[in-house]
Amino acid sequence: MKIGIAQLNAVVGDFPGNAKRIMAAYRECLEKGAELVIVPEMALVGYPPRDLLFKSQFVPKCLQALDYLADETGDVPMLVGYVDQCDSDSIGKPFRNAAAFLHKGKVLHKIWKTLLPTYDVFDEHRYFEPSESCDPIEWRGHRLGVTICEDIWTENYLHRPLYDRDPVEELSAKGIDMILNLSASPFSIGKPGRRLEMLSRVAQEADVPLVYCNCIGGNDQLIFDGNSLALDSKGNPLVALTAFEEECVVVDVSLSGNAENLPTETSPEEESHKALVLGLRDYAHKCGFTKACIGLSGGIDSALTAALACEALGAENVHGLTMPSEFSSGGSVDHSIELAKNLGMQCDTVPIGKTFDEVKAAMAPVFGDLPEDVTEENMQARIRGVFLMSLSNKTGRLLLTTGNKSELAVGYCTMYGDMCGGLAVISDLPKMQVYALSRWINREREIIPWDTIEKPPSAELRPDQKDQDTLPPYEILDAILELYVEKQLSGDEIIKEHGFDENLVRWVQRRVDLNEWKRYQAAPGLRVTSKAFGMGRRMPIVQRFTD
């Protein structure tokens, strides 16, 4: 059988637009000779819809759009991911994460997702009722084992066994010719390789071809990489679709795969670059923005963010402000201007010195004889925030924040200052990965000035300030943060099992825990690691637990 794989970028809640995109892909697959077309999980809805599902007309409009797709589907059937409504008199959650088998104006079969992930960024048990059974679909002499995303993730590839059922085993026991998987599997660095390994193993164990159709695109914090593929019964790739791009491919699953069809291996830097560019572009465009603005400090974080923004939106649509103070080094302005020239973006200089003096003078009667401290440092950041928000308001641009994960973790950022903005582009990149990605961007020519990459990082809010005056060396800080935030180890485990200094580990723990309040108010950030701040890490602010 020739299967059309339609790797699509859906917009959450845009039923007319998503349906149009699905039908265009369906017709493209027909032209390429498809005998069955498969689109991703919730391709009609966009993933994740979250509490939009509870709006009274959301699911009914989804079902109306599904009827439209059924009417438009001809003799070649199509498998479409959507949300189904449970019977009004049924007990349990009101909805099903579903796939519809469409043919000549009818929904011939409905397949409901069996395994509902409820961990990290997933919260499907909040909305959906699981399928009670897994049954093959018989179609023109074939027995199709249709699964939806998590249904195919075996316990060997989860952080722990989560389910007492295995849909692939249940389908195999009833006899199937192939496995079809509709997926909305979000990206994290290194995940595409692990996913390929898992899918290959599933195909081998079931001894049938496997077709995996994943979505692409950015929706809020999540980025979907696609990397859809088809494997033969030995787990060898038949075809691999392009990562991070919409694409339609038709594959004959009766053939044998070979190593030439393997997806090209990519470095973590290339993966994260493609993901962040796509995530930024989709966040902006799906929210109605075509232009962005950014504060350029002369440092590596703002330089990397600007480079990503120019690639995502076009340099002509990115406006930078460099806002020097008496504490700014001469290189800060020069490096910002050089960066803007290399990228081809606009950059204006707006000094903050006069405004800073006026704010200090205005507050002097209130502060009295209290000595200057971090308050005056934060004033500068907040003045810059006001200038940037003013540019955003006046020109209708999306303001991008430039803080990295290391800073956000320990609160080395100013609320209502450098945290101002609508999207935190690199907030899930630790500082050492910021350096690595910046060097990768410069692999062919100097885009980010090398002086920016090589100089010691500094907030430049007081004379001769360096980040390492306050923070541990970033290579040490990042290593501890990975263990504490991503691996979720206790302080005792980090000290005893990994050999880090106890006082340093306790300091990092305390800074991470005490700054939860800042992260609650931070701009949404693009997720590229296995444990990002935001929707996948739900910590209370008011708490006293320490470990």
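Each Cβ is built from the backbone N, Cα and C atoms, and glycine gets one as well.
What TrEMBL records for 1-255 is domain 'CN hydrolase'. Per TrEMBL, active site, proton acceptor is recorded for Glu41. Annotation comment: TrEMBL describes Lys113 as active site, for glutaminase activity. As annotated by TrEMBL, L-glutamine binding site applies to Tyr119, Ser185, Lys191. The active site, nucleophile feature in TrEMBL is assigned to Cys149. The annotation ATP binding site is assigned in TrEMBL to Gly295, Leu296, Ser297, Gly298, Gly299, Ile300, Asp301, Ser302, Thr402. Annotation comment: TrEMBL describes Asn378, Glu407, Lys518 as deamido-NAD(+) binding site.
The structure, with features from TrEMBL marked on it.
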{"residue": "Glu41", "record": "active site, proton acceptor", "Cβ contacts under 8 Å, 6 or more apart": "Tyr47, Gly81, Asn97, Ala99, Lys113, Ile148, Cys149, Leu182, Ser183, Ala184, Cys215"}
{"residue": "Ser185", "record": "L-glutamine binding site", "Cβ contacts under 8 Å, 6 or more apart": "Cys149, Lys191, Arg195, Asn214, Phe224, Asp225"}
{"residue": "Gly295", "record": "ATP binding site", "Cβ contacts under 8 Å, 6 or more apart": "Ser302, Gly320, Leu321, Thr322, Met323, Arg384, Phe387, Leu388, Thr402, Asp418"}
{"residue": "Gly299", "record": "ATP binding site", "Cβ contacts under 8 Å, 6 or more apart": "Ser332, Thr452, Pro457, Ser458"}
{"residue": "Asp301", "record": "ATP binding site", "Cβ contacts under 8 Å, 6 or more apart": "Thr402, Gly403, Asn404, Glu407, Ile426, Val434"}
{"residue": "Lys518", "record": "deamido-NAD(+) binding site", "Cβ contacts under 8 Å, 6 or more apart": "Leu408, Gly411, Cys413, Met415, Met419"}
Chain-mates of Gly295, Leu296, Ser297, Gly298, Gly299, Ile300, Asp301, Ser302, Thr402 with C-beta within 8 Å of site centroid, ATP: Ala303, Thr305, Ala306, Ser336
Cα distance (Å, whole number) from Ser297 (ATP binding site) to Asn378 (deamido-NAD(+) binding site): 15
8 Å Cβ shell about Asn378, Glu407, Lys518 centroid, deamido-NAD(+) site members excluded: Ala381, Gly403, Leu408, Gly411, Tyr412, Cys413, Thr414, Met415, Gly417, Asp418, Met419, Asn515
Helix, strand or coil at Lys191 (L-glutamine binding site) [DSSP, three-state]: helix
C-beta crowding around Lys191 (L-glutamine binding site), within 10 angstroms: 17
Residues within 8 Å of the Tyr119, Ser185, Lys191 Cβ centre (excluding the L-glutamine site residues themselves): Pro117, Asp120, Val121, Phe122, Trp153, Pro186, Ser188
Secondary structure of Gly295 (ATP binding site) (DSSP, helix/strand/coil): strand
For Lys113 (active site, for glutaminase activity), the number of other Cβ atoms found within 10 Å of its own Cβ: 26
Count of other CB atoms lying within 10 Å of the CB belonging to Tyr119 (L-glutamine binding site): 13
Pairwise Cα distance for Ser297 (ATP binding site)/Tyr119 (L-glutamine binding site) [Å, integer]: 37
Which of Ser297, Asn378, Thr402, all binding-site residues, has a Cβ with the fewest other Cβ atoms inside 10 Å: Asn378
Cβ neighbours of Glu407 (deamido-NAD(+) binding site) where a neighbour is any other Cβ within 10 Å: 26
